[in-house]
Amino acid sequence: MIPSQLLVSATFLVFCFLKVSSSATFTAAVYEHAVILPNVTLTPVSSEEALALMNRNLDLLEAAIISAAKQGAQIIVTPEDGIYGMIFTRTSIYSYLEDIPDPQVNWIPCDNPNRFGLAPVQRRLSCLAKGNAIYVVANIGDKKPCNTSDPQCPPDGRYQYNTNVVFDSQGKLVARYHKRHLFMNEDQFDTPKEAEVVTFDTAFGKFGIFTCFDVLFHDPAVMLVKDSHVDTVLFPTAWMNVLPHLSAVEFHSAWAMGMGVNFLASNLHNPLLRMTGSGIYAPDSPRKFHYDMETQEGKLLVSQLDSHPYRPEVNWTSYASSIEAFSVRNQEFKGTVFYDEYIFVELKGITGNYTVCQKDLCCHLSYQMSEKRSDEVYALGAFDGLHTAEGQYYLQVCTLLKCKTTNVQSCGDSVDTAATRFEMFSLSGTFGTQYVFPEVLLSEVQLAPREFQVMSDGRLQSLQPTSRPLLTVTLFGRFYDRDGLRDASIDLGAHALRGLVMVLMPILYALCW
Ligand SMILES: *[C@@H]1O[C@H](CO)[C@@H](O)[C@H](O)[C@H]1NC(C)=O
Ligand SMILES: *[C@@H]1O[C@H](CO)[C@@H](O)[C@H](O)[C@H]1NC(C)=O
Ligand SMILES: *[C@@H]1O[C@H](CO)[C@@H](O)[C@H](O)[C@H]1NC(C)=O
Ligand SMILES: *[C@@H]1O[C@H](CO)[C@@H](O)[C@H](O)[C@H]1NC(C)=O
């Protein structure tokens, strides 16, 4: 972590020069990396074998970094688990780990590689950053010895952390972030005692960083935006897509828009594990995104962004709580979305107005379809409750979605193609939270840049007919205050599931490594 006082003390003058030359825009790159997985992950390998595998991945990252720099990128983000893969035990990951010091030590590994013990991976990343004069963001593993003077020290005498590192364009380590919200089967790593709020300043804005599953929680993700006022979030991830609401490009672009920040999301590429979906997202619109379930190839995205994006104020409940419910003459029914029980109504006509409520949340929709097909059913749903599968988090969600089949029992099931375009939609809800992420997803998991907007009164509205058939229009609200304390019985359930996840990983609804 770089505390701000560091920047205003010793480096005050340098910082002033940076400020003077600070730029209005910058060029960012994210790399969706088809990680080479080790053949053996559950039994330990030697440090030499571990390093050989990591170097094979670094060779691919190197090519992406060089290409990004040639295209003028000032920063590149690479994915979580992009250097050694995933699904390890505490013991088997150990040979992949390096001691990663606090960035305050002021270290350029490329110039002084052995200052903190063997660190070949940090050295190589630092040299790639320095040699190409580009900020490099990567995800590696940190090890920190501990002993009985610390009652929380694990029995094997060390902490192991899922860690993001950032090297600046001189190769200096400027940020280290230990993932706070480990996903359910990340047994190889420890959770840091507190959420780390890690930021650093550049001539092109203030940056914050977190990892994968962290994006669903308040600390540190929301703190970075609300308290530290970062402009751009760096987001290495290993994200398994879950439709209808948590496909990578869909949710990450919505987070950028809902929070009013740039968001650089770099995912692993592994279609078998449903891992694809990276992007460069600005608050007003996605700039570049990539979703590819067909090829096995990695993909580099490069785009320009505003250094200090405009952050509009939205009152997410203002419109919805100011209008009468549209008359509900309609048959309501229950449907399940990613283990949550929603209340739905079917959209019967080519055009219409509907309201559906659950607990405190009422969702209003006005819409017009291009045609009312007999082979497709759309529904409006509301959910106000605690999600408990693969993590515990309170949601308030208003969603217009395509049902998988014409049987309304299928509403909420994953479906990735559709045939119905919408001429117009306007969705709003009586949210009790100010954290709402607006999602619009089109057929074949495509985003809809500049086809919709969020009004300051909280309406999510189309600006034009959809350019493709529609999968979903959703206001995905997170009610952090209601997450409550973790329930021991849920922890136990998650533990029992872990073994299963390892075996059945590709077919389970897992989210995030
Ligand atoms: C895994 O084993 C196969 C077959 O022996 C070999 O071709 C491949 O290079 C190995 N992969 C790694 C990452 O070592
Ligand atoms: C235990 O760890 C602390 C800090 O990590 C260190 O200062 C101390 O010397 C260690 N004690 C022993 C007995 O190893
Ligand atoms: C949002 O709008 C509602 C209804 O107009 C109002 O009651 C509420 O105070 C507003 N919330 C904020 C945070 O301004
Ligand atoms: C839906 O509501 C809008 C505005 O309240 C109204 O203009 C429109 O006629 C309504 N549409 C239908 C199909 O009822």
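The backbone N, Cα and C atoms fix where each Cβ goes, glycine too.
The active site, proton acceptor annotation in TrEMBL covers Glu80. Taken from TrEMBL, the feature active site, proton donor covers Lys179. Annotation source TrEMBL lists active site, nucleophile at Cys212. Summarising the annotation, TrEMBL assigns domain 'CN hydrolase' to 31-307. Sequence annotations record features per position, and here TrEMBL assigns signal peptide to 1-23.
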Rounded Cα distance, in Å, between Lys179 (active site, proton donor) and the residue listed as 'active site, proton acceptor' is 10
Other C-beta atoms that fall within 10 angstroms of the C-beta of Cys212 (active site, nucleophile)
28
Have a look around the residue listed as 'active site, proton acceptor' and count the other CB atoms within 10 A of its CB, chains all included.
29
